[in-house]
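Annotated domain 'Chromo' per TrEMBL: 34-90, in sequence order. What TrEMBL lists as domain 'Pre-SET' is 167-225. The Zn(2+) 2 binding site annotation in TrEMBL covers C169, C180, C207, C211. As annotated by TrEMBL, Zn(2+) 1 binding site applies to C169, C171, C174, C179. The Zn(2+) 3 binding site annotation in TrEMBL covers C174, C207, C213, C217. Among the features that TrEMBL reports, domain 'SET' is placed at 228-349. Residues annotated as Zn(2+) 4 binding site in TrEMBL: C309.
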Amino acid sequence: ISGRESGICGDPAHPKSGSKMITMVFFERFISELVIKRIKADEEDTEYYLVKWKGWPDSTNTWEPLQNLKCPLLLQQFSNDKHNYLSQVKKENHRALKPAVAAYIVKKAEQRIALQRWQDELNRRKTHKGMIFVENTVDLEGPPSDLYYINEYKPAPGISLVNEATFGCSCTDCFFEKCCPAEAGVLLAYNKNQQIKIPPGTPIYECNSRCQCGPDCPNRIVQKGTQYSLCIFRTSNGCGWGVKTLVKIKRMSFVMEYVGEVITSEEAERHGQLYDNKGITYLFDLDYDEFTVDAARYGNVSHFVNHSCDPNLQVFNVFIDNLDTRLPRIALFSTRTINAGEELTFDYQMKGSGGVSSDSIDHSPAKKEGQNCVKTICKSTAIYLRGSLCEYRETPPSVFKC
């Protein structure tokens with residue numbers, strides 16, 4: 001496959017003008033991108049690498065022999081891409097790569113660049129401690145083109161989110177004094193190990209900006225954001241993107257918030273009709289059927305968390321600075337110890353979380369696993385999540401019950 005045929009670059013400046021180009025791929029690492037080509041001369045095979053400098057036009061690319069390059073990881077990645085592709089096709093003489101093989105390697109390398117840039121962008125936008133990683137070893141799917149990363153609710157025009165509490169505690173030790181939860185008539189949600197100790201369905205009231213306790217207060221957990229490094233990864237079971245943890249998470253620990261654009265329930269009905277035609281809906285009804293969180297276009301890592309009827313995350317209502325009971329924050333806590341590398345899931349039907357039953361959420365499209373269970377609702381880019389945290393609703397016709 002020649003440079004001119006590929007539409008990527010021209011012939012390299014090599015003394016053997018009759019050279020035949022065999023393989024080619026893009027890479028990016030640190031300050032440069034590399035295009036690898038093997039040049040077959042009359043006497044011997046010589047490998048040359050085209051250095052594509054980041055931020056500079058292709059006209060400034062330079063060709064370098066293998067001995068000039070000190071990037072073993074990039075070279076190994078090229079070898080891995082070629083091996084992965086060839087392992088899926090009929091074995092032939094791979095000395096001269098077929099155009100389809102070369103095209104796959106180019107696309108895989110371009111995808112890797114795009115995913116790395118997306119990963120960098122996510123980490124620039126996040127405000128929490130935990131890092132975000134992106135991984136796709138399954139297919140050639142790249143970053144979603146229509147998701148804007150946010151860290152907290154984004155109110156739609158006409159909706160006001162009051163993010164300033166009207167009162168706060170004056171505790172010196174929130175574990176033993178009458179703190180914010182007691183004022184709200186509920187128990188303190190956490191133990192001294194920062195694990196949740198209240199049953200699902202009980203609201204969490206954390207200390208707020210008016211409280212006199214400091215940032216190390218044991219009743220400030222959700223507001224600190226995700227503390228764990230998580231990975232958005234392409235699932236191998238056909239369920240699109242998913243999320244896995246890269247570190248061990250203790251049981252009953254806060255993992256992440258579910259955020260999106262806050263819209264009225266009337267607007268949610270209109271959005272739902274549009275989304276049904278596209279199959280890309282993330283609508284989460286809040287209490288009292290007044291407001292809905294739409295995470296289709298605006299969201300965080302939770303946008304990619306898949307469904308399971310045997311989840312390892314549980315939904316809780318949280319109130320911090322905004323004490324409006326119609327607008328709780330949605331926090332996801334671990335239900336058990338979650339090992340590093342394990343996928344994170346929650347039950348879109350949310351049984352046991354705030355009074356929600358399987359009759360309150362509509363999922364479409366969905367795939368069944370077993371006879372009566374929505375074990376995994378595929379894809380994370382095509383879920384229809386409707387659920388009130390406290391009130392039951394009429395069962396939609398497309399609900400699959402666990």
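Cβ from N, Cα, C; glycine included.
Annotated features taken from TrEMBL, shown on the structure.
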residue : record                : Cβ contacts under 8 Å, 6 or more apart
C169    : Zn(2+) 2 binding site : E177, K178, C179, C180, E183, C207, C211, Q212, C213
C171    : Zn(2+) 1 binding site : E177, K178, C179, C207, C211, Q212, C213, C217
C174    : Zn(2+) 1 binding site : C180, L188, C207, C213, C217, P218, N219
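Per-residue pLDDT, averaged along the domain 'Chromo' (34-90), amounts to 67 for this model. Residue with the densest Cβ environment among the binding-site residues C207, C213, C217: C207, by other Cβ atoms within 10 Å. Cβ neighbour count for C180 (Zn(2+) 2 binding site): 27 (other Cβ atoms within 10 Å of its Cβ, all protein chains included). Compared over the binding-site residues C179, C211, C309, the count of CB atoms lying within 10 A of a residue's CB peaks at C179. Counting residues per DSSP class in helix, strand and coil order gives 21 helix, 49 strand, 52 coil for the domain 'SET' (228-349).
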